[in-house]
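Scroll down for the structure; my scribbles are underneath it.
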């Protein structure tokens, strides 16, 4: 039985001594000789594509080499090779324009290259397969020259497979599957079953959140997998997750955004889900690259879950490292899109170590950085302990320290001010820590809530310093404003803590459950204290008896509250520390 054939289209760089394009000495290894220079490792701006993905014996295939209009290439060499072999196959027709035929491996017309003075962003040539022979796997691979010092090698084309019939050339033959089963221009349709965690660690690398989740079972599972195909020159990728607008995975030399080779599964403005290839060079929005050698694309958006499956011979390429046999950190992100353009991500997770996609395994997520743990711990202490203590002292314990002074001020007032100053200081430090670490604005509600807490926390003491005297006729305005702002800050702070814990929580939600109990404990005691004070004030007691009852009752209740508060606080701090 004839084996599938993969076409390899390769171009060699234009250098001194090769300006004429007669680069026969590069036919076998496709390397740049006599230059002493190394090829670029960043993704190539130039691509190699064909009008079809299948071909028959003796059939013509149109091959296109192209790049951005603003970035022409000045040289190329084109061959067709069997996969795993350095011998060319097939032949090329006489090209039009500034291109010429070459004889490689004693095969006439088996390669195409530039001629003197070539400078273009587009070349089209025709390749013809062997009229009869045992067909083996081949693919297209290209090397482009931008100038005498800048060139790319091993830029591969989509796979062509052999068929006994004639391959369709129309754009309609290149399609992608959608929710309703219709076909859209874009890629070769390939029947694909549902994405699942089957064979993770056996034949493919898998990376997910929550850890070890199965997208075939859970709609809330963010998941990607990579499977190296036979021959080691192509990778089959899968990615899926809850739909917000897009999901994406990337390969990086570290665990932070920047210098990353990225694939994105995004809903475009035409209502279709598409795969995009991108490259990030810093903290700004990634640059969209030509899709390049990506084929067998299947996309879907069903039941609010977005999915993309595809195969590519594009080499993973980041600055300083390239190739499928290298080790990289895996990054996964998700977020909204606007008219088909991705927006800042709402969430990310990163592998805890470098991985090589040739070695199947289940990848673990990165531990939470210590600086993020410190940020969360400070905010937790500030707004669930010191802040709560300061508020309760001002609300319920004024009468306990009646007549007692510190620095010519009422004792309760100094305790209140001290507790709230610690709260504001901890908030400022936590805010600085997280921005020093992230150096950017992350998506979602958490950073917005955190900024609101900081701003309102700074307004509160400023307003207190500008307050009027206790006997002033407008004093009640300050009292109510100070009280309401404190309630708003507390509410937003609690919401910020919940959203922050959600980002680092384990699969079973233990931290969120403990935080829920922590918050319920505080609400319960506020209700008990309010009811206690109301009951005491409405009894037929003398003023002294009522004051004594309030002091004793509130003191005991707050002592019990603080004991429980510390238990919840310690549990959460330990939980955060173990992340």
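Cβ from N, Cα, C; glycine included.
What TrEMBL lists as domain 'Reelin' is 8-178.
Under the heading domain 'DOMON', TrEMBL lists 220-335.
On the 0 to 100 pLDDT scale, the model's mean across the domain 'Cytochrome b561' (338-538) is 86. The domain 'Cytochrome b561' feature in TrEMBL is assigned to 338-538.
Per TrEMBL, the feature signal peptide maps to 1-17.
If you look up TrEMBL, you'll see 378-397 (among others) marked as transmembrane segment. Under 8 Å from some Cβ of the transmembrane segment (378-397) lie the Cβ atoms of residues 412-413, 415-420, 422-424, 426-427, 429-430, 433, 450, 453, 486, 489-490, 493-494, 496-497, 500, 518-519, 522, 529, 533, 551, 554-555, 558, 561-562, 565-566, 568-569, 572-573, 576, all in the same chain and six or more residues away from its ends.
What TrEMBL lists as transmembrane segment is 417-438 (among others).
Annotation source TrEMBL lists transmembrane segment at 444-465 (among others).
Packing against the transmembrane segment (477-498) from elsewhere in the chain are residues 376, 379-380, 382-384, 387-388, 391, 445-446, 449-450, 452-453, 456-457, 459-460, 463-464, 467-468, 512, 515, 519: each is 6 or more residues past its ends and has a CB under 8 Å from a CB in it. As annotated by TrEMBL, transmembrane segment applies to 477-498 (among others).
As annotated by TrEMBL, transmembrane segment applies to 510-529 (among others).
Listed as Cβ neighbours of the transmembrane segment (556-576) (distance under 8 Å, sequence separation of 6 or more from its ends, same chain) are residues 368, 373, 376-377, 380-381, 384-385, 388-389, 392, 396-397, 501, 504, 510-511, 514-515, 517-518, 521-522, 525, 528-529, 532. What TrEMBL records for 556-576 (among others) is transmembrane segment.
With a threshold of 8 Å between CB atoms, the same-chain residues lying at least 6 positions outside the transmembrane segment (417-438) that come near it are 369, 371-372, 374-376, 378-379, 381-383, 386-387, 389-390, 393, 450-451, 453-454, 457-458, 460-461.
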